[in-house]
Structures are given as C-alpha cells and as structure tokens.
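Look at Swiss-Prot and you will find 208-215, 233-237, 255-258, 321-324, 345-347 tagged as GTP binding site, backed by sequence analysis. The Mg(2+) binding site annotation in Swiss-Prot covers SER215, THR235. Look at Swiss-Prot and you will find 202-367 tagged as domain 'Hflx-type G', backed by sequence analysis.
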Amino acid sequence: MLETHQAPDRAILLQALEPKVTRDACQRLLDELVHLSTTAGLEVHATQLLSLQKAVPATYFGSGQVEELARRIEEDEIDVAVVNHALTPIQQRNLEKKLNAKVVDRTGLILEIFAARARTREGIMQVELASLMYQQSRLVRSWTHLERQRGGVGLRGGPGERQIEVDRRLIRERIHKLKKQLEEVERTRALQRQPRQDIPLFTVALVGYTNAGKSTLFNLLTRAGVLAEDKLFATLDPTMRAVDLPDGGRILLSDTVGFIRQLPHQLVAAFKATLEEVMSADMLLHVVDLSDPEWERYVESVNGVLQELEVQHTRTLTVYNKIDRLESRGILERELARGDTIGVSAQTGEGVEPLLSELRRAVGRAMLRYEVILPVSDGRWLAKFHAEASVVEVREGEDFTTLIVELAPAVLGRLQGEVEREGVEVQFRPVD
C-alpha cells in the first residue's frame, strides 16, 4: 500500500467511453474514480475519457491510445495509471511495459483502500486473502507486501520475473493458511456471539453507498468517535454501540463498510464476515445521500449487494440523509410518501429525533414488555435483569423493586425457567 511518509504517487485516471454508455454516465464513473483514488492516497494529476469500441485483448485500449498515454505519462512524470475496469493480468502487464508506469485496475484500487482501512485482525486477514486471490494470476506481483502489518495489492511492484515460481507456491500456501485461520475465527465469533444473542437488544445495522453519511449519523446517534471523514470506505470493520431510545430502551447499532457500484463479486465473498452484522441485524437503516444526483443508482447498487447477502427481506427503513443540502424539498416529500422512509441531516441533527422514535416503535413491535417484581435484597437477580434485558424503568419500593423490561420471547422463557428452578421470589407480569 502507499506509505504515508512518502509523497503521494501522481496518477492519471482512465475511463473507457463505450458505445452503449452515454458520455455523462462515463463522466460520473470517472468522477467516482477520482474519489476512490484520493481515498487510496493517490494525487490525481489528470483524468481522461478514452473512446473504446471494443477492448483490445493485449492492452485493453487501442495501440494509438496507448502510445499517446505513454508520451503524456513521461512528459507529466506520472507514476500510476488507474484504469476504471477489471483488467486481465496480460492487459495489466502489457500496459505497464508500454506506459513505463505502474498500472492499477478497479479491483486493485478497491483492495488498496480495504487494506488501508482494515482495523481488526479478522479484517486484515480478509484483506490479505482477497489480495492474494487477486494476485494469483498476476505473476509479476510479489508476495513481499504480506510481511507488512496490513496486506495490500502493492502499488509499487515486486522484485521481478525470477520470483514467479516462488510467488506461486508462497501464495498458494498463504491462501490455504488464511482460509484455515478464518474458519477458526468464524467458529470463535459464533461462540462469542451466542451470549449476545441471548441479550434482547434489538440490533440495527447502517448500510448504504460509500459517502452517504453513515459514520456521521452513527456518531450523532451514539456520540462515539468512529472514523468519519469525507472518504470512501471510511469504515471497514463493523463498529457497534448501544443507543438509548426515547421513553427508555436500547438498541445495538452497527456502522458497516459502504458499498459501491461494480464491486467485484470476489470481494463481496471475501468480506462476507465483515458484513456479518448486516446479515444478523433485526433491522437495517439504508442511508441515502439524497443530495447526490445519482442517488437512485446508488440505492440500486446497495439493494443488489443486500440481495447477494440474502437480507433483502430484513425490515429496512430508508434514511434520506443530507436533506440540508437540498435546493427543494419536493423530492424528499415524494420519497417520504412511499412509507418506511425518513429524512435527516446527520450534519445539523434535523430529523434525528423522529428517527429515534421510529426505532423505538420498531423495538416495541419486536420485543415483549414485562413488569418484573423482585425483592430489594436480591441483588443478584437485579443485576441479571440489567445484564440480560433492556431495562426501561426502575421503581424502588421499601421491600420490592419493580422493573419494566423489554426482552425477546426466548429470553423471557429462559429467565422464567431459571426462576422456577431456583424457587426465587420473582414475579413476571406482561405490560400492555
């Protein structure tokens, strides 16, 4: 990955102008590539749209275009050419030779960002696995970057052709080892998650296109210092915090990695565990930047990924963010009329209270509310309810303490069974 102590590499960004795609659409793709490249730490020196009737098997772009690019790269002292397309290993290798510069395709660039953003041990291993699987057929790449603390695709290249056979063997061995380690991590996570599944906190996951404002909204709701900046993929590993709701009650809220259009399928599979909180959530908040002219396309992109994760049937509330940037509220009013939608500004706080109220109603529909009466002297069971239920209200009496709690049906049954077996003086009364 790019080293922070070095000056950023100067890059030229290349987008193919294909016959069936409008120039405006291609320009939007190029604009997105600018954001991706900046996030990866590159200095964007130039961007260029190149007409392409059909991809050339050897170099992707035509020979005349490649020659012109080579001259420009030499004159402008450009270090990296970023191609907004998935290149074959042969195309990438040939382009690097002809351009005399490092060539990175879309998949490699996204991997570079993931590598820089991974926080947990599991996230780092997932990045490394995805990078290695990407590199397997790119024989000029070296495995030496794997010795770094975080994996990446290595924008600065490797030691050369004589390493190819060694690379093949080392990469195969490392992939096998990583898969075994990740299987063990997944088993451990399943065991660690089991106690939390018994805690009746309603789980909500923030999802959305990159830069939709998820982390900013997460910070506002939780007052947590999660990395929130104007860069794509600002959160790679899910971060969870408890959020207090109006009228009592709590939820577990998770902030997750943003999705993008044309995310390579192999990356979705490699990062599936990173999105585990999405797959296990009781509810999704789909955060949409309504001020972006391309917001409808982004919604389609996110919905496509959710379908791949098989969570499209999870109850979803669409949160239209950045409404403070709208020139007219007409579009917001139209979308709010569809239902299961709400408008907010994570920047100004507008709409956050109604959002919390909506979450409160969702919790109320999913959880059971009970009045629990127990002796004041029974500190163990008092602590147990605080640990294993969402305590909405506490009323202290002379001899008894009364709790209003919310909990899942399975947890209620388990606690009632424990009370009966132990013969303790605890009463349960449903609250309408």
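Each Cβ is built from the backbone N, Cα and C atoms, and glycine gets one as well.
The Cβ of LYS322 has fewer other Cβ atoms within 10 Å than any other of the binding-site residues LYS214, LYS322. Calculated from their C-alpha atoms, the gap between SER345 (GTP binding site) and SER215 (Mg(2+) binding site) amounts to 12 Å. According to DSSP, SER215 (Mg(2+) binding site) is assigned to a helical segment. Geometry remark: GLY208 (GTP binding site) versus SER215 (Mg(2+) binding site), CA distance 10 Å. For ASN211 (GTP binding site), the number of other Cβ atoms no farther than 10 Å from its own Cβ, over all displayed protein chains, is 22. Confidence over the domain 'Hflx-type G' (202-367), given as mean pLDDT on the 0 to 100 scale, stands at 82. Secondary structure at SER345 (GTP binding site), as computed by DSSP, is coil. In this structure the C-alpha atoms belonging to SER215 (Mg(2+) binding site) and VAL257 (GTP binding site) are separated by 9 Å.
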